[in-house]
Every structure is written in structure tokens, then in C-alpha cells.
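Report on the following structure.
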Amino acid sequence: MPKIITLMGPTASGKTALAIDLVQKHNCEIISVDSALIYRSMDIGTAKPSADELALAPHRLIDIRDPAESYSAADFRADALHEIEQILKAGKTPLLVGGTMMYFKALLEGLSPLPAADEALRAQIILEAEQRGWQDMHDELKRLDPVSSERIHPNDPQRLIRALEVCRISGKSMTELSQIKSEPLPYDVVQFAISPKDRKVLHISIEERFKLMLNQGFVDEVRALKKRSDLNLALPSMRCVGYRQCWQYLDGEFDYDTMVEKAIVATRQLAKRQLTWLRGWPELNWLESGVDSNLNTVLRHCR
């Protein structure tokens, strides 16, 4: 069975540096697993690998979308499977590197066969809700899908519409469909996660890296994006940590120092969520950030 390597970890933990070392030593090719690196024109605030780093170790699945475009976990899975096959055909080992855990989960575990959105049906559900009230729509969901109704509040119309839409299109509940997964990956997956043992070390790295981004011109990068008429804070690209806070600063919502503080706090919260995912992840080999033996540890596991 062909082998693939995953290298996960929170933001600012040293994934890219270790991945580039691996490319030099183990005939790997990198596939980025990062929901921010997919966007063009978002280089500084996403800590996109530099031109020198990309020359040493090309990354697949970066710069593949405009910031105005959407990209889902299902899109990622399809793209990643294609790239894995191309790398294996070239006689190399795919190395999947990043911190977007939903993408890793979609790739490794597969996705449920939920139906695509139906705009006409959504409009019909909204019309019914205006006539009957959202509580009555929630009562309908409780009859059709009791488990989902426990999770979804009557005041959360977006998720309520989706759950009802799935029931009406498929004749099955979202709960039933979510238990069906795609075929498992036909690969031997060797999984690693890298992070400092001390959370304070990670917090310092996050702060130092954001301040470096500011020195590299991050505010000007966001200012250029903000000039585009097709971008706004509702888009996933502009909700990336750092970008949202800088946009709000440029809108005059708060001063520069507050922006810096808010961006650093948001990045720390992201790292905390990433670590929470990783602690429950099965079959994971842990590496400590900054340890010289990490490369040899990975190579030993991959023989």
C-alpha cells in the first residue's frame, strides 16, 4: 500500500521548516492543508512560504483561489486526492502539511453524502418560516431529525434551513446521512503533529510572527484587498485571523495597538482550537517544536 505522511500542528509551531527539511531528505512533495494559503494575494498574513522556500520545496494547493471565491472541505478532498496520485506516479511520497483540521478530517475519514444546496427549496423554507415562525419550523425538524434539533437552536435559521433542506431533498435526516462516509483512503498514512510542550512558547512564537508580518507590510496587504469591491468581511478569506482585525482597524473600529492585540489573541484562540482537535486525533506521533531530532524521528517512522 503506498505511503503518505501527514504533518499537522497549530499555527506558528514550525511545520513548514520541518516539511522543507523532509523534502530535502526523503524524496517528498508537499501538499498544503491550509484554508488560508489557498488564496492568491494573501501572502504576508497567511505566513505563505517565501519564494526561496518554494524553490527548495514546491507546495501544491497554494494560490489556487481568488479571495472572492469559495472553497470547501469537499473541494479540498477532491484536489488532494488528485495531487496525491500525481506525486505517487512521479515516484515520490506525498507530504500533507498544515493546520486546517477539517481538511485533514475530510481527507482521512471521508465526507457524508449530503445533497447540494437547493436555492428554490431554501426560498420556500424561508417563506414558510415567515408565515409559521421559526419555532414551528424547529418543531418540524424535531419530528424529522430529533438529534439535529437538539444541536440546532430555533434562533439559528441558517443551520435550521440546511437541516430541513436535507430532509426534504433526500427523505433522510442529516443525522442518518452523516453516519455514511466515503471510502477509506487506500494508503498507509503515517501521521505526525508538531507543537511546543509549553503553551507559553507557542504564544510567544505567535506574537513574534504577527509583529514580523506587520514589519513586512501586512497592513498594506489588507488595504489593497479592502479596495476591491468584491471583498467583504462576510467572505471566508477575509475572516482569516489577522485579516478580519486589520480590516476592522482600517474601517476605524479601533486603533492600531488594539488591532495588534486582537489579532494576536485571535491567533492564540485558533491555536487552542487546533490543539483541541489534535489531542483527540488517533494514531498520532507527537514532535516537540524546535527539537533537532525531529527530522530523524520522522525518517525513522517512515522507513
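Every residue, even glycine, has its Cβ placed from backbone N, Cα and C.
Of the listed segments 34-37, 86-89, 270-273, Swiss-Prot assigns region 'Interaction with substrate tRNA' to 34-37. For the region 'Interaction with substrate tRNA' (34-37), same-chain residues at least 6 beyond its ends with a Cβ under 8 Å from one of its own Cβ atoms are 45-46, 48, 59, 61-63, 71, 76, 98-100, 102-103, 236-237, 240. A separation of roughly 42 Å, to the nearest angstrom, links the Cα atoms of Thr16 (ATP binding site) and Arg122 (site 'Interaction with substrate tRNA'). Look at Pro10 (ATP binding site): DSSP puts it in coil. Long-range Cβ proximity for Thr11 (ATP binding site), meaning a same-chain Cβ under 8 A and a gap of 6 or more residues, is found for Ala47, Gly99, Ile206, Val241, Thr267, Leu270, Ala271, Gln274.
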